[in-house]
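Asks: I'd like to ask you about the structure that follows.
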Amino acid sequence: MGQVGWKGLCLSLFDYKTEKYVIAKNKKVGILYRVVQLSILAYLVGWVFVVKKGYQDSDTSIQSSVITKLKGVAFTNTSELGERLWDVADYVIPPQVSHHAFYHMPYLLQSSALQSTGIRDALCSKNRDCPAGEAVIAGNGVKTGRCLKVGSNTNGTCEILAWCPVEKKSKPKKPLLATAENFTVYIKNSIRFPKFKFSKTNVLNTDNDSYLKHCHYSAQHLYCPIFHLGKLVSWAGNNFQDMASEGGVIGIQIEWDCDLDKAASECNPHYSFSRLDNKFAEKSISSGYNFRFAKYYRDAEGVEYRTLIKAYGIRFDVMVNGKAGKFNIIPTIINVGSGLALMGAGAFFCDVVLLYLMKKSNFYRGKKYEEVKSSSRKSLPGGTANGNQNSESLATLEQLRQLQTVET
């Protein structure tokens, strides 16, 4: 490459090239292009910025704490217990727990049962058929090593060390604490979004000590998280009395959707309620919710007794979710740039239709793309008096950068 070639290459680095536009007077393609543009613009403004708030930075790593307290008093008079007064210490299990509370309708199976060896639950013919310490499959106790027979029978049953009498298999016909429908539960929820250092609680910030003593949750008292148990169950689509007999699990969902570009008072909790256990399996042996626990004591003679309780009740699971958003220039620029890129994709789509799918696509391609060939250079013999060689003038092909209008 000669000196002239290198010089031309260097000078071309400072050239500016622009695109050549061809306006196609085709109404179908023109309408298609505007429809694509409007669709992209509507998506960008309506969905990205209005619905999804694409101009905001978001934080979904919510930090949350939940405290629950049940209140209510009930009086019962049964053949097993007699007259008894029930308060929070009797029907809330456990008394301190995070994110869930269990309220039970106690169903007393045995008021008292001493430890005895009189329970027979295994066939045997001799003592070695009853290995000492072996657990009974039914789960009532362990074998003592003795085979008990009646009269002259050759077969008997293994003696079992267990609490007696054993648990009854019958289910309660109605809840013991039927009046608990009017009990109340207080659900205090405190949340924090660490990215924005924003904190809030679902309890009204007031110095009035009597506010929580007289309010209940409603549309007018969003920051009074005190709920009637009966209403909670009904909002979940169930009847309290029916559910209390078999037991069940109620999910309480607290949703925080906070736009921090607005005032903090606009960030409010939203509650939803649903039944989490399988309510459609009422005829199944696994329907409802219950568990067993016992209370132990000794009499004056030192004999140990226990009260076995199988509790059917309602468990409340409190689940907290949330998202906070605040304006940030970075996601705004990213989403605007994505929208502009989609505009270019719309032009590309219309080019494909115009150049390859239309009847006169060959004509449009011929107008859009031009083939330019470089001219050849020739040197003519002869020179001037000063020894300088005369050259034939070079033919130059120059592309005119102008706006062409193509009419169909």
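Every residue number used here counts from 1 along the chain in the order it is shown.
The backbone N, Cα and C atoms fix where each Cβ goes, glycine too.
TrEMBL lists these features:
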| type | residues | note |
| --- | --- | --- |
| BINDING | LYS69, LEU70, LYS71, THR184, ASN290, PHE291, ARG292, LYS310 | ATP binding site |
| DISULFID | CYS124-CYS147 | disulfide bond |
| DISULFID | CYS130-CYS158 | disulfide bond |
| DISULFID | CYS215-CYS224 | disulfide bond |
| DISULFID | CYS258-CYS267 | disulfide bond |
| CARBOHYD | ASN182 | N-linked glycosylation site |
| REGION | 373-393 | region 'Disordered' |
| TRANSMEM | 31-50 | transmembrane segment |
| TRANSMEM | 336-358 | transmembrane segment |
Asks: Tell me, if you would, which residue among CYS124, CYS215, CYS224 (disulfide-bonded residues) has the fewest other CB atoms within 10 Å in the structure shown?
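Replies: Among the disulfide-bonded residues CYS124, CYS215, CYS224, the sparsest Cβ neighbourhood within 10 Å belongs to CYS215.
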Asks: Determine the minimum-neighbour residue: among CYS130, CYS147, CYS158, CYS258, CYS267, listed as disulfide-bonded residues, which Cβ has the fewest other Cβ atoms within 10 angstroms?
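Replies: Candidates: the disulfide-bonded residues CYS130, CYS147, CYS158, CYS258, CYS267. Fewest Cβ atoms within 10 Å: CYS267.
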Asks: Inside 10 Å of the Cβ of LYS69 (ATP binding site), count up the other Cβ atoms and send me the figure.
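Replies: The answer is 14 other Cβ atoms.
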Asks: Given a separation of at least six residues and a C-beta threshold under 8 Å, show me what packs close to the residue listed as 'N-linked glycosylation site' in the same chain.
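Replies: Result: GLY72, HIS228, LEU229, GLY230.
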Asks: In Å, rounded, how far does the Cα of LYS310 (ATP binding site) sit from the Cα of CYS147 (disulfide bond)?
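Replies: Distance (Cα to Cα, whole Å): 31 Å.
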Asks: Six or more residues out from either end of the transmembrane segment (336-358), which same-chain residues have a Cβ under 8 Å from its Cβ atoms?
Replies: 24, 26, 29, 32-33, 36-37, 40-41, 43-44, 48, 364-365, 368
Asks: Are any of CYS130, CYS267, PHE291 (the recorded positions) within 10 Å of CYS147 (disulfide bond) when you go C-alpha to C-alpha, and if so which?
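Replies: If one measures from the Cα of CYS147 (disulfide bond), the recorded positions that come within 10 Å are CYS130.
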Asks: Checking the spread of the ATP site as listed (LYS69, LEU70, LYS71, THR184, ASN290, PHE291, ARG292, LYS310): what is the longest Cα-Cα distance, in whole Å?
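Replies: Value for the max Cα separation, rounded to a whole number: 24 Å.
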Asks: Between CYS124 (disulfide bond) and ARG292 (ATP binding site), what is the CA-CA distance rounded to a whole number of Å?
Replies: 31
